[in-house]
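Below is one structure; the comments refer to it alone.
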């Protein structure tokens, strides 16, 4: 929360810091006083925030994990259209955190943004529940005289559903980057012990993040498929109300940051603007200004040297216009260094998007019976992603990191970029396995004469899909957690929420790219004399070709990532 009471801030700045106080420079408690390490922050506060994330993720995945089934069933969409709609919604959900982070870091502060976003979240989920229980959506069939036929819901209710769905996306955009950044803020990076705890926090954060979805996959998907969609959407609404309550309980224990006098986005953006305005300025004039400001040569000085032109006042500037400081330029360079890493991580995000779309649609065609009369919901197999993560996170944090730390001497064991690269490598194997399993499924459909019977159950167990879910979970432990820590750690201190929104935007743009790929493949592979790769009849489709394509794109992405990671200079 940005503490805005002037008297409280003045008192905090004038009070001497005790030895046990955290030297944030801007760290205060809920009353605006210097924080005391023994009474605020650390794991005592982080556990509240991890609890908030656990319940919020239960709500989010309770909606998103089975959304493709709702669209193809209750709303009557085609499989390809439903996959595109899910990808688009998830893409928007992951891009809106950029806006939420901007509002939090520039104006409201993280605490207030979380409060407002939580209230919007509850409203959106409440409206979504209402859209599912309206009378005309309570049945997928209409009566025409003596005949019963499938019918589409009224346009108004479809619009109402998507309005509610995108309101949830807006709320998640404010909630997601701020909660995690606020949790990491509870650890003082200048203290050696709390620095190690902060690195561990990202592991346990992701652990808690996956406990919520696991519960959604196990229980909510079954309720939605077999009992009632209104109840299946209503439970996440209640869950989000619980999350807000947990967050408020911890208010007195949190560490907050005071707001800066200058908007960090505008301050860093001004560096790029002034550098562009001074593009004709000679290098010698820039060197003189650097020496005047006492700048010492360092490793990153040779990178993006053109930004040092922002140190000079533009020729057409007004007298009172303030030039950029060397610290502003270094922060701008730090942001610019993230761009190639962000771009090359997109290949992983495209693979990440498949678990809630085509993986689920594959499962709908297979034998899902566990015992007579009980079929496992296909979306529930995403449970194996979270199960893998929940098992591997403690193993990684308590066994792998200490061993690697003792060998290489780094607090985190391996570097953040090495961790991301390992996850990207696993994603390639995931797509290869997915393609091989799909080839087996298509062969089974042909062998049993079910190619032209899309509604028939293929005599092949859904458990064949488990390996690709397990591999995706392993990839997440490395790539997703690595991206979280990397983008939080490598941005300027005032832009931590924005840093986490960058990692989320990777997943968002990846969803859009997946949707775009689906569109291109439909346009290029559908013809009179050939079966579409992504046909509604999956027994005539070629999902295996699509997975091989993603494996190739992921390989190219990994090679490019390694090229940029090798030359990356950490802050």
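Keep in mind that glycine also has a Cβ here, set from the backbone N, Cα and C atoms.
Annotated in TrEMBL:
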- 88-108: transmembrane segment (TRANSMEM)
- 115-134: transmembrane segment (TRANSMEM)
- 154-171: transmembrane segment (TRANSMEM)
- 204-223: transmembrane segment (TRANSMEM)
- 229-250: transmembrane segment (TRANSMEM)
- 335-359: transmembrane segment (TRANSMEM)
- 379-396: transmembrane segment (TRANSMEM)
- 417-437: transmembrane segment (TRANSMEM)
- 469-488: transmembrane segment (TRANSMEM)
- 500-521: transmembrane segment (TRANSMEM)
- 545-565: transmembrane segment (TRANSMEM)
Counting only residues 6+ away from its ends, which parts of the chain sit with a Cβ under 8 Å from the transmembrane segment (88-108)?
2, 64, 67, 116-117, 165-166, 168-170, 172-178, 181, 263-265, 353, 356, 494-498, 500-502, 504-512, 515
Using a threshold of three or more Cβ pairs below 8 Å, and leaving out pairs closer than 6 in sequence, do the transmembrane segment (500-521) and the transmembrane segment (417-437) count as in contact?
no
Taking pairs 6 or more apart in sequence, does the count of Cβ pairs under 8 Å between the transmembrane segment (379-396) and the transmembrane segment (204-223) hit 3 or more?
yes
Below 8 Å between Cβ atoms, which of the listed ranges 204-223, 229-250, 335-359, 500-521 makes the most pairs with the transmembrane segment (115-134)?
229-250
Give the nonlocal contacts of the transmembrane segment (229-250) in its own chain as ranges (CB under 8 Å, at least six residues past its ends).
45, 48-49, 51-52, 55-56, 58-60, 62-63, 66, 70, 74, 114-115, 118-119, 121-122, 125-126, 128-129, 132-133, 137, 216, 220-221, 223
By Cβ distance under 8 Å, which residues at least 6 away from the ends of the transmembrane segment (500-521) in the same chain are close to it?
80, 83-84, 87-88, 90-98, 100-101, 176-177, 180-181, 338, 342, 345-346, 348-350, 352-354, 357, 480, 483-484, 486-488, 491, 532-534, 546, 549
